[in-house]
Every structure is written in C-alpha cells, then in structure tokens.
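Participant: Can you keep this structure in mind? I'll have questions shortly.
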Amino acid sequence: MAETAAGLCRFKANYAVERKIEPFYKGGKAQLDQTGRHLFCVCGTKVNILDVASGDLIRSLEQEDQEDITAFDLSPDDEVLVTASRALLLAQWAWREGTVARLWKAIHTAPVASMAFDATSTLLATGGCDGAVRVWDIVQHYGTHHFRGSPGVVHLVAFHPDPTRLLLFSSAVDTSIRVWSLQDRSCLAVLTAHYSAVTSLSFSEDGHTMLSSGRDKICIVWDLRSYETSRTVPVFESVEASVLLPEEPALALGVKNSGLHFLTAGDQGILRVWEAASGQCVYTQPQMSGLRQELTHCTLARAAGLLLTVTADHNLLLYEARSLQLQKQFAGYSEEVLDVRFLGPNDSHIIVASNSPCLKVFELQTLACQILHGHTDIVLALDVFRKGWLFASCAKDQSIRIWRMNKAGQVACVAQGSGHTHSVGTICCSRLKESFLVTGSQDCTVKLWPLPEALPSKNTASDGDLIPLQAQSTQRCHDKDINSLAVSPNDKLLATGSQDRTAKLWALPQCQLLGVFSGHRRGLWNVQFSPTDQVLATASADGTIKLWALQDFSCLKTFEGHDASVLKVAFVSRGAQLLSSGSDGLLKLWTIKSNECVRTLDAHEDKVWGLHCSRLDDHAITGGSDSRIILWKDVTEAEQAEEQAKREEQVIKQQELDNLLHEKRYLRALGLAISLDRPHTVLTVIQAIRRDPEACEKLEATVLRLRRDQKEALLRFCITWNTNSRHCHEAQAVLGVLLRHEAPEELLAYDGVRGALEALLPYTERHFQRLSRTLQAATFLDFLWHNMKLSPLPAAPPAL
C-alpha cells in the first residue's frame, strides 16, 4: 500500500504558517489618504492601514479600551488620524508611528457616529448618537463648540471647504441638513427636502454649491448662498454616496457639456454620472454579470485621481477617476470560506469560494485580488484541472461554470451549464486531461459533463459569449445529499460520499456501480483517491478517517483523533501520509503505516472547510469559517537541517568546553557552559573558581562580563543550586555579585526575575538560619575553649 511510496519520499513532520489572508475590513468607513498610497478601514476594534500598491497590511491601530471603533477620520494633510470607540473615548494617532498622541473623553453621552476634519486640519467635528455635534481644536486640545438641536443620531457631519466661512453641516435621522455657524455659535439654516436618510454631502470647488444624496432615490443640488434648492435629480435608486466631479474627469468619460456633474453609487451596484443642470444620466458603468452587488460607500481622492467604492459584501474597488477603469480590488472580509484551491501551473494563485456569489482570485506573491462575477447564489465548491489554467465552480443557483486564467493572470468565465434541480454542492474535474467534469447535488444525482473542444486557450481570457455545457449522463447515486466527489488518477473511477453514511465506487464514463463502502456512523464530508495505491480515503462527521481497499471494499485502517467532524482529507508524501481538517479548527498530519497523528496544527478558530495541497507537495492552503485563509509550508527538511546544525554546533562547543576544563581555563569555560545549558558543569566551574585564593575578584569579573541572557540563565541555575545545602554557597556567591553590581531597574528587567526571587527567598532564609545556628555553636565552643581551666594535678606522694 502506502509503504511502497514511503520509501521513495520523505515523511513530513511539520507545517508552518507562511502567510495569512485575514479580514481587514468588516464594514463602516473606508478612506484613502491624499496620495492614494494608503487605505484606512475599520475592522472591529481596529483601524487597519493598507499599502495600496502591494496590498500588505502596514499597521493596525487599536485603542487601549479595545472597544469597537464607531467613527474615524484622516486629516486633509494626512498627518493626524482620530478614532472614536464605543467607550466614548477619542484617540489622536500619529499613524505612521502607530502611537497615540492624545486620548480624551468625547463628552457625548452616546457613541460617536460621524466625524470630519476641516480644510485646515485643525478643527474636528463629531456627531453623536445623542443628537449633539461637538467641535474640537486638535492643536490646542480643547472643545470649541457644542451644538444641540438634532433629533436622534447625527450620522453625517462635514465642514464647508472654505475655512474662512466657518460653516459646519450635519444631518440626523430627521432627514434634514442643518447648517451651523462656528462664528455665531448658532444654526443658520435647516435644509429640508429629503424624505429619507441623507447619506452624503459633497461640495463644489468654488464652495457655492452642495450636493446631497439620500435613500429617497434623489440627489439635490443646493445653492449655499441662499440655502435654497437649485435642482432635484431623481436617480431611481437608493443612493449611498454621491461625489461632485471636477471638470476634467467628467470630460474624460465622454461627457460633452460643461458644468457640474456628479457621480452616484447605490443599491444597483453600478456607478453613474449625472449632469446637474439637466438632471440627465450621461454615463453608466457597464453592468457585471451575476448577482447585483450594492455599493455602500464612495469617495474621491482628488489629488491621487482615484475613486474608492465599497460593496455590500465588503469588497473595496479602486477606480481611476478620469476613466472609471478598475485599478485595484481588495477583499476586505471573506465571511465563511467554503472552499479554496491552488490555481496556475506554478500554484501562483489561489481561488476562494465564500458565503458569496463572487469568487476571489488572489496572487500569492502580492495578494492582488480579482473578484469574479457570474453566479447568482453562494458558490459551494471548486476544483482545478491538472494543468492549472482551467477550473470549475458550482453554486446554490443550480449551475456550474468553467473559468480560464490566461498567461497575464486574468480570469474569465468561458462556459456555463445547468441541469440540476437543487443546489450543486460538489464538483470534480478529470485528472489526466481537460476532458470532463462531474457534479453532485442535493437532488441526490451525479452528472457527467464533457468539456467542449471550443474552449478558449490560455493565451486569451475572452469575456464573450459563454459556451453552453450539456450533461452526458445523469445517475441517482445516493438517498441523501452528495457531499463529495473524487475522480481516480486514471479517470476510470468515480467515488461519491453522501450524508447517507456511505461512499460508493462507480465506473466511468458509464456511471456503473462497482461497490459500496459502509462503516461510518455518520455522513461523509469528503472522499479522496490515493495518488499511488488502489485506496480510497473517506472523512466523516463521526470524527474518523477510513482507508478502503478498492479491490474488495474492505476497511484497511481507521484514524481517530479529531474531536469533531472531519471535513477534508488529502494524501501527501506520495500517498504515504494524510492531511485532514475538521470542524474543531485543527489540521492533523497522519502517517498511514503507523496509523499515528504526527502533528496537530492549530491556526483556525472555527471549521476548516477548505484544504488543498500544491503540485510540489510542499505547500497547503486552508480556509475556514473564521474567514481566514492560511498558506502552510512544509518545514520538515528545514527543521531537520536546523536540528542537524544545532547538533553539530553542540558537539563542537562541548569539545571546546572539555578542552577548557582540562586546561583549567575556568573563566572562559563559564560562559560556554551557560550557553550549552549545562547547570552541573557551570556549578563545577564556579566551585573550581572559588577554590582560588582570589576567587571573589575573578568570579565578579567573569559574571559581569556575561551577556544579559547568560545572566538570566545563571540566575535560573542558582534557584536549583540554592535548594541544596551543599551547593547553596555557590548560588549565594553568584547572587551576591548580581545584587551588588546590577541596579534594581536592570534586575527587574530580567526575564522571570520576580519568580526567581520568590523561589530564592525561602531557601535563602533557611540557609541563613542554619548558618546562624552553626555560627552560634562555633562561638559557644570558642567561648568554652577560652574559659576552660584545668584543675591542678594532685601532689605526688612523699617518697618512702
């Protein structure tokens, strides 16, 4: 069985996390700096800062209270970032260093819902859920204004772009816009024309015009000189954001007339440009295929010429403002990752299916993201053909799609098929060549789909008409949902796993039943063929993995160790080992021959639905319900090489230590013995040094020359020595040197020094009492010696 492959490959012993793709945006505000190089977005208790060019997370800013961030804003000069948390605290950040420059109470009686800087970057306005609007001077560090009068949550605040006019605009749940004068400390006007929540305010470059948008499907142009409505434009969608465009970007989009133009983003999921004077839509972004994605946010970075939009499923899209050409895509939050696969001939990309109709393709080196639209319901499973250019997906919309990546790394849908009557939950591609694929559905049937020869090549990724797929055969295979399919390496066999607790083996292409694998106590989540042996692996909700012989359908081995359902299993090390993932969030590496789990990997916090191994068998990718995607690297050889190097270094150092001890060069031997972690040898060296008449000076000089980590190790050794009355003198001698020559602040900085002192105190007191008693006894003996008087000898008898 797997023993034959084991002799040709090295067993794996460990995997290490090489890279993580984690959520960095979970809804709320997202903002670009003026240069367009950094992206700021909210993720729970943090504000994450991304490098737009590389997609890397530069820094995460989190307040000490660790409460959710309710609002934030970056100053126009890009120097100051202010965040507000649910704990009613405002934090002023030097965001480039990641440090808090100032922390103060918001004084609001409810969380801050909105925030905005003025054009000078000195004044900050905060709108609270308590209906109050406050203005702060962040340079002089005091509150300047407090405005009341808004009913309910103030969800929108904005300063007039001309700082000399000292005007502040706010909007609350009453759908009106209030204009506040900072100079008079009063409300100048209340603009009432919307019939639903106002979602955004935008100002013209001359400061005389303001545009407001709302969920009442209208945008209103206001004259700020008279505070009257200039134009009401029906846009026929609930608008979440609108932006007044500078003249140059509007003309670049093919708009012929001059004048004010504005862009809207809303529940239709497309960007549209409107002419303010006529109220006509002059540009409509082409609609993407698939389910419509509502846009929840839109902002323009004028200096950088970039437009940032956010979709309802937390994807962030960057457009070039002049042409509205898509520049970058970021997947802020993948929700529950249902499947993940390597893509490309060199496994340079990964595909991710999550709780969304959209697929996400990441380039592993740069984490550049492509968002693929096509399915109209949640994508459930993925599989990749052997060469890596072509892959397939299936979804709850009862359809399947074929996608191809071209040499430039761009992915497009090339074929589509439908025919199942329920959600398509699993899909599997042919292994030898791109000839067919198999799908399994909740309708308990399996369909075989031959691939047409007219598919585009890898040199192109056409967005033209999709090629229709036709099912060649349909077979009812199980009595319950089919959860997994696997095609054998020679494309001759098909394995199916179902909720009915059985796996079945079928002959292809006729879909003829060959046998049934029975033995699991609960439904099966995954089935996999061995790449080298005639063996099938099954993973079940009963927490076990079983290996089955294809010849007689008998169970060869059972692997137990997961505390919950085993969701995925994969053969690694040329079929000699198994890698499994479970709903307990753990990955386990099993050796088939010994039937043992050699390593348990814990990096996920919830179910691990996706597991796939690379072509070279040196990497694995996992995705789970915790929205994490983790790239694992096989570090067995690296760890073995590191261990071998350590052993060789230990041998060399041990020989050097033996030579030093033989030559009685104790001072040099002390540091070497400490680095080798040899407490007994260190004790022997100190005892030898103390036998020297000049022991105190030599011991002090030697100990003080040690590095800090060596002193920490020596202190740990002293704890052990101090427990023994025969060795306590050496421990006390070392301790005395450290206490006499190290400042208390330096000692407290030692690793574990508090615990060390607590361990030293009781034995030191015991030794002190014992030595005190010994000294008293010796003093008493000395006293007796000096005070003893011999009685006179008796006189000799007289001689006769």
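Along the chain as shown, residues are numbered 1 onward.
Cβ coordinates are placed from backbone N, Cα and C, and glycine is handled just like the others.
Straight from Swiss-Prot, here's the annotation block:
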CROSSLNK  Lys407  SUMO2 cross-link
MOD_RES   Ala2  N-acetylalanine
REPEAT    64-105  repeat 'WD 1'
REPEAT    107-146  repeat 'WD 2'
REPEAT    149-190  repeat 'WD 3'
REPEAT    193-232  repeat 'WD 4'
REPEAT    245-284  repeat 'WD 5'
REPEAT    290-329  repeat 'WD 6'
REPEAT    374-413  repeat 'WD 8'
REPEAT    419-459  repeat 'WD 9'
REPEAT    477-516  repeat 'WD 10'
REPEAT    519-560  repeat 'WD 11'
REPEAT    562-602  repeat 'WD 12'
REPEAT    604-642  repeat 'WD 13'
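I'm curious about the neighbourhood of these features; can you describe it?
Facilitator: Just so you know, the Cβ of Lys407 (SUMO2 cross-link) picks up 13 other Cβ atoms within 10 Å once every protein chain is counted.
Taking H, G and I as helix, E and B as strand and the rest as coil, DSSP gives the repeat 'WD 1' (64-105) the counts 0 helix, 24 strand, 18 coil.
The repeat 'WD 2' (107-146): residue composition by secondary structure is 0 helix, 22 strand, 18 coil, according to DSSP.
Residues of the same chain lying 6 or more positions beyond the ends of the repeat 'WD 3' (149-190) and with a Cβ under 8 Å from any Cβ of it are 113-120, 123, 125-129, 131-133, 135, 196-201, 203, 205, 207, 210, 212, 214, 216, 224, 227.
For the repeat 'WD 4' (193-232), the DSSP-based tally of helix, strand and coil residues reads 0 helix, 23 strand, 17 coil.
Model confidence over the repeat 'WD 5' (245-284) stands at 82, taken as the mean pLDDT rounded to a whole number.
Within the chain carrying the repeat 'WD 6' (290-329), a Cβ under 8 angstroms from the stretch's Cβ atoms is held by residues 23, 25-27, 29-37, 39, 41, 52, 55, 200, 240-243, 245-246, 248-249, 252-253, 263-271, 283, 335, 356-358, 368-371, 373-377, all 6 or more beyond its ends.
Nonlocal intrachain contacts for the repeat 'WD 8' (374-413), taken as residues 6+ away from its ends with a CB within less than 8 angstroms of a stretch CB, comprise 289-291, 338-349, 351, 353-359, 361, 363, 419-434, 437, 439, 441, 449, 451, 455-456, 458-463, 466-467, 469, 615.
A Cβ distance under 8 Å defines the sequence-distant neighbours of the repeat 'WD 9' (419-459), meaning residues of its chain 6+ beyond its ends; these are 377, 380-387, 389-396, 398-400, 402, 404-407, 467, 469-491, 494, 496, 498, 506, 508-509, 511.
Mapped onto DSSP classes, the repeat 'WD 13' (604-642) shows 7 helix, 18 strand, 14 coil.
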Participant: As a quick check of your reading of DSSP, tell me how many residues in the repeat 'WD 10' (477-516) are helical, how many are strand and how many are coil.
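Facilitator: The composition, in the requested order, is 0 helix, 23 strand, 17 coil.
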Participant: Where else in the chain does the repeat 'WD 2' (107-146) make close Cβ contacts, counting only residues six or more beyond its ends and a cut-off under 8 Å?
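Facilitator: For the repeat 'WD 2' (107-146), the nonlocal Cβ contacts are 70-77, 79-80, 82, 84-86, 88, 90, 92, 152-159, 161-163, 168, 170, 172, 180, 182, 185.
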Participant: Using DSSP, how many residues in the repeat 'WD 9' (419-459) fall into helix, strand and coil?
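Facilitator: Reading the DSSP string over the repeat 'WD 9' (419-459) gives 0 helix, 18 strand, 23 coil.
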